[in-house]
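First comes the structure, then the notes that go with it.
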Amino acid sequence: MDLKDRLTELKFKALGEIETVEDLKRINEIRVNLLGKKGPITEVLRGMKDLSKEERPVVGSFANKVRDELTEAIAKRSEKLEIIKIAKKLEKEKIDVTLPGVSVKVGQSHIIMQVIDQLEKFFLGMGYQVVDGPEVEEDHYNFEMMNLPKDHPARDMQDTFYITNQILMRTQTSPVQARTMEKHDFSKGPLKMISPGKVYRRDTDDATHSHQFHQVEGLVIDKHITMADLKGTLQAIARTVFGDEREIRLRPSYFPFTEPSVEVDVSCFKCGGNGCSVCKQTGWIEVLGAGMVHPNVLTMAGIDSTVYGGFAFGLGPDRFAMLKYGVDDIREFYLNDVRFLSQFSQKGQR
Amino acid sequence: MKISTKWLKDYIDLDIDAQELAEKIERTAVEVDSVSRPDKGLKKIVVGKTIEVKKHPGSDHLNICKVDIGEEELAQIVCGAPNIIANKKVIVALPGSRIAGNVKIKRSKMRGEISEGMICSLQEIGFSESVVPKDYADGIYFLPENAEPGDAVYSYLGMDEDIIDLDVTPNRADMLSMRGTAYELAAIYDKKVTVKKPEIQEDESDSIEKYLQIAADEKLSSTYLIRVIKDVHVKESPMWLQKRLWNAGIRPTNNVVDVTNYILLEYGQPLHSFDYDKIAGKKIEVRLAKTGESLTTLDDEKRELLASDIVIADANGPIALAGTMGGLESGISETTEIVALEAAVFNSSSIRKTARKHNLHSEASMRFERGINRETVLEALNKAVQLIAELGNGKIVSGIAKGAKENVQATSIKITTKKINDVLGTKLSDVTIIDIFERLGFEVEGKEDTLQVLVPARRWDISIPADLIEEVARIYGYDNLPATLPSGDATPGRYTYKQRVIRDTRSILESTGLMQAISYGLTSSKKAQRFMLDAAQETHLDFPMSSDRTTLRMNLVSGLLDDVAYNNARKVSNVMLYEQGRVFYRAEEDERPQEIEHVAAAMTGLYESQSWHDEKKVVDFYVIKGIVDHLLAKLGATNVIYKATQRYEEMHPGRTADIFLDDLLLGFIGEIHPNIAKEYGIARTYVFELDLQKIIDFNNKLTVYQPVSKYPVITRDVAIAINKDIENAKIVDFIQSRSSKILKTIELFDVYEGGKIGINKKSMAYKLTYSDVSKTLADDEVNVDFEKVMQELKQEFKAEIR
């Protein structure tokens with residue numbers, strides 16, 4: 001048998017073996033055996049020295065071809081076996097995807113604080129500053145600077161915790177406004193502020209009353225502020241907190257620190273204004289009080305009321321949260337029942 | 001103020017549905033509490049006439065009555081009322097009727113006797129206990145003689161009238177009267193008000209000078225008038241008057257008192273009637289009470305008078321508390337023959353003080369506090385004496401006794417239409433604005449756009465231009481105002497640094513799984529002064545509502561423990577709460593406390609629950625410490641030191657540490673004392689409280705970029721056995737201080753006690769990481785440094801390197 005025939009025979013035998021091998025280790029052995037220095041092809045090539053000059057390149061090229069074919073076959077088979085091996089491994093790694101995920105531990109803000117945060121973001125965007133002030137106030141700032149002298153009948157509207165004759169727990173966050181107005185330099189631009197925070201009233205706690213609750217009061221003072229500006233601002237708040245479709249309406253009311261004073265109703269976000277239990281069949285829900293700053297308040301703060309004017313409003317985050325989330329007992333906010341607090345962890349609610 | 005729309009028609013021609021009217025009032029003037037009709041829900045309640053009343057044979061308190069109910073046959077009705085008698089017109093609920101509370105009345109048998117319906121008291125058909133005349137309080141009601149048997153009772157009792165209950169704001173006290181409300185509605189609907197000046201017939205043969213001499217301090221009472229009516233027969237008022245009173249929520253008493261109340265409702269003018277014969281010395285003086293004086297008021301309460309109380313006094317002393325309540329002794333009784341009727345204006349802040357100090361809030365005091373129409377004091381008095389004379393067959397003594405009489409004038413206010421439009425953001429024409437003022441009954445004199453507006457005394461709430469602007473706004477209608485946003489210079493809206501740190505603190509803590517709690521700022525004295533970071537005085541409420549809310553908190557932990565207790569009591573055992581808020585530290589010499597921002601947390605139960613995937617993680621000192629470390633690191637506090645402390649009585653002495661930032665005490669951390677846990681009824685709880693203000697004040701430097709080493713790090717692990725009492729921080733500090741700069745981190749990865757380590761020993765295992773930013777470290781360099789430190793460690797702590 002000449003060398004070519006031996007190579008051919010060798011090729012077919014090896015190809016057969018490669019096709020049927022099932023093991024990556026074995027195919028590596030085959031590769032070493034066939035193509036290695038001690039392999040049959042090398043051996044055949046070694047026998048080429050006995051060939052004639054004419055035959056030598058012919059057989060040589062044939063032998064190389066055989067080796068290339070076998071190398072390719074081995075590579076192909078290896079690749080296939082590799083795929084099978086991985087597939088088998090992955091098959092073994094199969095898991096139950098319906099088992100619960102590992103829980104992520106994240107807390108959240110108190111619901112009232114979420115309401116305040118939302119309002120703060122809104123007002124910061126409108127160029128207001130957020131101003132804090134003391135919870136223990138002077139009668140002077142809490143009442144007198146708000147046009148509520150001692151013995152004013154409207155003081156009955158707010159029962160007060162006094163500490164001494166002159167010192168009290170603030171009943172509203174408007175004293176912060178009085179303090180800010182006194183200091184504001186109008187040459188640096190208008191005053192636009194909100195004052196969020198805790199307030200206290202001498203009330204017996206029940207489902208709708210709490211001796212402690214929160215307020216966010218707002219104030220804008222400039223040269224050309226109108227009641228229409230107030231209406232537009234209130235409309236924007238209502239839509240931010242209660243939804244884009246909300247309408248507002250103003251009703252006359254009375255606060256000593258504003259004139260005119262209005263009570264603000266928002267169209268019911270539950271029924272859209274058709275009447276339901278939330279709005280007591282009226283289609284409207286009272287949400288806040290507002291008005292144009294009383295000239296006495298400006299004068300007392302050292303602002304010329306013939307030049308400057310503005311509006312003020314006050315709203316209750318507790319009430320907002322109660323309305324918005326259907327909480328029917330204000331005391332829930334201050335008991336901090338984990339089962340209550342954890343209900344308000346969802347972000348991005350409309 | 002309850003307004004009967006029927007009564008309103010005396011003054012204004014309005015034919016508008018009550019509901020609609022109420023809506024309009026609410027949108028233009030004051031809030032409306034309710035709109036109601038007393039006969040609503042009632043059915044088949046008719047006039048009956050008792051023809052015969054016989055004792056029920058089977059009962060000692062029931063009567064069997066034959067009642068004419070306008071049918072051919074008399075109805076037999078069993079009645080238990082003690083005051084039932086024959087020949088009276090009564091209220092009969094027929095079988096199938098509905099009485100108050102939606103109760104259905106059926107034909108029934110009572111102790112064997114048929115009862116075809118029920119004879120009713122006023123309460124049973126929906127009258128409030130507080131308006132039922134005293135004579136009928138405990139029995140059935142007798143209708144007027146002219147009532148026709150079989151007729152529905154409602155119109156006889158005024159129950160077919162619509163009642164609008166106004167919630168009048170303090171500024172609109174002018175609407176605390178029928179006339180004031182009529183003027184308001186006239187403005188809203190552009191109508192005219194018709195009021196008649198009372199005509200008065202005096203007995204010219206008798207003169208007031210013979211009866212009284214009065215003196216009033218004008219500072220206490222700017223107007224003080226008295227008229228006298230003699231030969232008065234005190235008796236029940238006619239039905240028309242009683243109906244008006246009870247529909248307004250006032251109990252009819254007798255013709256004299258009822259007239260004073262009627263005038264109160266019509267004019268808003270409080271009046272007081274004295275039994276003239278009880279006034280000693282024909283003298284009346286309006287003055288302040290003197291020390292030691294007392295008065296038994298109409299409610300039969302003896303009151304010690306205060307020097308701030310205005311009193312009406314006769315020759316013997318006080319006979320009435322001015323404007324709040326009369327004296328029992330000088331009050332009208334059935335035997336009164338001569339009535340002295342007072343109409344006055346009292347100083348509002350004095351009345352307010354008296355009403356508050358004596359807890360005597362009446363319809364009269366409320367009006368004096370808020371103000372009354374000073375223009376109609378005399379008119380109201382005249383109408384009242386005329387009515388009393390008519391209803392009591394009396395004679396008016398001619399003349400008025402005057403203690404004081406002020407001259408009342410309209411208020412003149414100058415305003416421009418431009419100002420009105422500037423404030424409202426409107427473009428109303430001069431004509432429109434003038435029309436609104438005229439509808440309100442204000443006279444306007446104008447030169448071009450500058451108006452001089454004359455406001456009558458009945459609108460004493462209006463005194464400055466802003467008040468007029470409000471009038472224009474509400475009559476024009478708030479719905480008609482445009483909605484715009486403030487124009488003008490833009491201002492940046494941003495948080496201050498302090499506000500940012502507070503908000504960041506919240507979100508950092510929330511990222512660790514803590515929920516925000518908001519507890520009460522007021523607590524008990526005991527709870528206020530626990531867990532104190534710094535020494536301070538308590539701040540107490542002057543007049544607290546309850547014993548658990550007397551004092552301003554000086555720590556946040558106490559409130560959080562209340563929250564834990566609330567949860568634990570409801571079987572919620574895993575509680576992880578934080579609170580950010582103020583504590584109130586007062587210096588001895590100050591009245592007002594300082595308000596300091598703190599942050600605190602309380603954790604109990606499982607930090608992580610057992611799952612199919614993970615082991616449970618129980619809250620312990622190191623879990624909460626991890627949170628504090630995280631918080632402080634995020635807030636930029638780099639050199640935080642924990643020092644074991646026993647200085648907090650409320651904390652576990654072996655598991656508590658003070659937290660320092662360098663030398664600055666920031667707060668504390670640890671387990672609460674078992675005694676405290678027991679007191680609250682809560683499980684093992686870990687807490688921390690930090691003074692956030694100190695972190696805010698700490699000058700936090702901006703992060704400066706540090707180059708990241710491009711060269712590999714080398715690590716060395718070491719385990720050392722040392723005495724159990726030696727704190728980790730000491731070892732770490734020691735290694736740190738003795739090593740060269742190439743040591744970057746020391747990480748404790750194992751702590752082990754017992755076994756081969758030996759008694760009172762522990763094994764601590766650390767991983768030391770070395771690197772250099774400028775070159776690849778040689779093993780040798782690290783070894784030299786590491787070995788040196790280990791040798792020193794051995795000597796310093798008698799440590800055994802394992």
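Heads up, residue numbers simply count up from 1 along the chain you see.
Here the Cβ of each residue, glycine as well, is placed from N, Cα and C on the backbone.
Curation plays no part in TrEMBL annotations; they are all automatic predictions.
What TrEMBL lists as Mg(2+) binding site is B:D461, B:D467, B:E470, B:E471. In the three-state DSSP scheme, B:D467 (Mg(2+) binding site) is classed as helix. Close to B:D467 (Mg(2+) binding site) in the fold, though at least 6 residues off in sequence, lie B:I413, B:D461, each with a CB less than 8 Å from its CB.
Residue counts for the domain 'TRNA-binding' (B:39-154) under DSSP, helix first, then strand, then coil, are 13 helix, 50 strand, 53 coil. TrEMBL lists B:39-154 with the feature domain 'TRNA-binding'.
TrEMBL lists B:408-483 with the feature domain 'B5'.
The domain 'FDX-ACB' annotation in TrEMBL covers B:709-802. As a summary of secondary structure, the domain 'FDX-ACB' (B:709-802) carries 33 helix, 33 strand, 28 coil according to DSSP.
Neighbour counts were taken as the number of other C-beta atoms within 10 angstroms of each residue's C-beta; across the binding-site residues B:D461, B:E470, B:E471, the minimum falls on B:D461. Over the domain 'FDX-ACB' (B:709-802) the predicted model carries a mean pLDDT of 90.
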